[in-house]
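S.K.: I have a structure here, written as structure tokens, and I will follow up with some questions on it.
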Amino acid sequence: MKPQIGVLAVQGDVREHARSLESLGATTRLVRRPEELEGLDGIVLPGGESTTMDKLLRAFDLRDPLRDRLQAGLPAYGSCAGMILLADRVLDATADQQTLGGLDVTVRRNAFGRQVDSFEEDLSMPEMLGESDRPVRAVFIRAPWVEAVGPEVRVLGTVATGPAAGRIVAVRQGNLLATSFHPEVTGDHRIHEYFLRMTRG
Ligand SMILES: NC(=O)CC[C@H](N)C(=O)O
């Protein structure tokens, strides 16, 4: 059976994720209401603006049901703002900003600084993609990085060069996967493919 994957659709680059998942054979459902969480095999939390997404999650009464599903083990992949939503701790958050949590990491919002609002870099991610695979072209757009990880978190990607060298930009803990970057904009579906494998257990 085709996996049924939700894409949180309150704000952000929803369509690109849905397209990527569908190109890999998944069925997608845009999620705006609590009922739409029923029967999903996994959910993608897209990039966008984490403060806005947090407000809308609460306004749509979706925050608590989604958090409950994540705690019950629903596999989730958060990209950029989605990574922030999954993080237990956020630096440079707005005063009333909340997250769904579950991922035992501290992320810093807009971490790469104003001069480099957006940039791209090749990341090799051997643990995720295999030793011999070509690197992932990672697109960062006002991206967070992961500043600290708990003992259960596996680091899957770090920046290789430049002032941010060594910064953590991809992590996994159990059923939760998060990247600082946006694989949905490059036409490279390997991160989504990895997530679909996670949803199959
Ligand atoms: N591309 C993105 O998702 C940017 C994230 C945004 N800077 C935030 O804090 O939510």
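Note: Cβ is positioned from N, Cα and C throughout, glycine not excepted.
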S.K.: TrEMBL records GLY48, GLU49, SER50, ILE141, ARG142 as L-glutamine-binding residues. Which of ARG108, ARG109, ARG172 is assigned to the same site?
M.R.: ARG109
S.K.: List those of the recorded positions GLY48, GLU49, ILE141, ARG142, GLU184 whose Cβ lies under 6 Å from any atom of ligand 1, in sequence order, or write none if there are none.
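M.R.: Only GLY48, GLU49, ILE141, ARG142 meet the Cβ criterion.
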S.K.: If you count other CB atoms within 10 A of each CB, which of GLU49, GLU184 wins among these recorded positions?
M.R.: GLU184
S.K.: Considering the recorded positions CYS80, ILE141, which residue's Cβ sits among the greatest number of other Cβ atoms within 10 Å?
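M.R.: Highest number of other Cβ atoms within 10 Å: CYS80.
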S.K.: Find the shortest Cα-Cα separation between ARG142 (L-glutamine binding site) and the active-site residues CYS80, HIS182, GLU184, and name the residue that gives it.
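M.R.: Closest recorded candidate to ARG142 (L-glutamine binding site) by Cα: CYS80.
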S.K.: Once GLY48, GLU49, SER50, ARG109, ILE141, ARG142 are set aside, which residues in the chain still have Cβ within 8 Å of the Cβ centroid of the L-glutamine site?
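M.R.: My list of surrounding residues reads GLY47, CYS80, ALA81, ILE84, ASN110, ALA143, PRO144.
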S.K.: Measure from the CA atom of CYS80 (active site, nucleophile) to the CA atom of ILE141 (L-glutamine binding site) and give the result in Å, rounded to a whole number.
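M.R.: Between the alpha carbons of ILE141 (L-glutamine binding site) and CYS80 (active site, nucleophile) there are 8 Å.
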